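Per TrEMBL, the feature domain 'RRM' maps to 18-96, 106-178, 197-274, 300-377. If you look up TrEMBL, you'll see 427-446 marked as transmembrane segment.
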Amino acid sequence: MAQIQPAATGPNGVANTASLYVGDLDVNITDSQLYDLFIQAGQVLSVRVCRDLSTRRSLGYGYVNYSNPQDAARALDLLNFTPLNGKPIRIMYSHRDPSIRKSGTANIFIKNLDKSIDNKALHDTFSAFGNILSCKIATDPSGQSKGYGFVQFDNEESAQNAIDKLNGMLINDKQVYVGQFLRKQERETALNKTKFNNVYVKNLSESTTEEDLKNIFGEFGTITSVVVMRDGDGKSKCFGFVNFENADDAAEAVEALNGKKFDEKEWYVGKAQKKYERELELKGRFEQSMKEVVDKFQGVNLYIKNLDDSIGDDKLKELFSEFGTITSCKVMRDPSGISRGSGFVAFSTSEEASRALAEMNGKMVVSKPLYVALAQRKEERRARLQAQFSQMRPVSMAPSVAPRMPMYPPGAPGLGQQLFYGQGPPAIIPPQVIILILFSILLFHFS
């Protein structure tokens, strides 16, 4: 969700900012169209539709700057959700300080919304509880509602009041959930701390019955239900569920019985999870195992590219075997078996890998110079390239010899406000473009 910092307010409750963010723009909206709409609310200093640097295609949002905060407040009140090119726009105050946005202050999450509810309907529903800074329905690429959205108020009291009054209420005949917005990490932490009553047990013997489970799990507390899952023929699927009356009893049973053997079978006993919870846990385990593998090969695993198509696993191993003991060697191939021109060689020690890197990087093999480097995870490569990019400084350029002439949007004669500025001679490349080109080359080189 695009969250924003709340605007500071003056004595009359008017926001002390004259800058507005305009989202949900149709891709064909121009700066002039924005100007023509927003000039109705007051004196506009500048407008800008943000565009992709290379394609110049609209990014779907822009900014409008007024000469005073009162006009900006009026535009927000009068023009929010106004259709432009048939698509309602969404207006918020614009602030550079991201501290409140990142903190998620007074931000709430709403789900199970009827698909007919749009941004305006959501805004109208929640505006009764306080001043709304941001309001958005999540949509798919075709613009259809995903059934959930976000509302950010200017204070926690309004947000909590909305949660207390609307959570569990019917909106368009659907019971909605309204709660505090949590980031992914916060949701995962809350999920791990959630108490549970229902216990999942698997790897049962085919002869294990509900009565057996009741007798074993009953030692830990009062059981409300027990089931062993069976197929259509009544044969046990070797897993089942035990539901306790008390969550503490369920946790104690998991602690005591997980990994125990019954009928020569080692049971797995744990919290019964929904599908998304299992996927979340499996993802965490996979990422942890991948991290352990990377840590294991840290400093000993080499990445090689610019390999000739004729070089296979055996040939690659032969090329690097003189530098030490190779623990693994692989040439990467596409699904049809054709070499991708890259591969990995892992040594038993970092010293051997360093020696191989020093000797083989740039060496001609089948008329092609090898590129050899320590293997890195994608995240590490990206972080390193971004660090290098951030250290770059714009190259000082000579000032343009041509005057930068002010341009005015159509329909606004005599305002005297400079909205757009011409560029220098086409022969002079802006330093930002030079840096972008260098960054793109680095990304391509290390991809």
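Glycine residues also receive a Cβ, built from the backbone N, Cα and C atoms like all the rest.
Keep in mind that TrEMBL annotations are predicted by a computer and have not been checked by a curator.
Break the domain 'RRM' (300-377) down by DSSP state and the numbers are 22 helix, 30 strand, 26 coil. In this chain, the domain 'RRM' (18-96) lies in contact with the domain 'RRM' (106-178); the count of Cβ pairs under 8 Å, excluding pairs fewer than 6 apart in sequence, is at least 3. Secondary structure of the domain 'RRM' (18-96) per DSSP (helix as H, G, I; strand as E, B; remaining residues coil): 19 helix, 30 strand, 30 coil.
Looking only at the domain 'RRM' (18-96), the predicted model's pLDDT averages out at 90. For the domain 'RRM' (106-178), DSSP puts the residue distribution at 22 helix, 28 strand, 23 coil.
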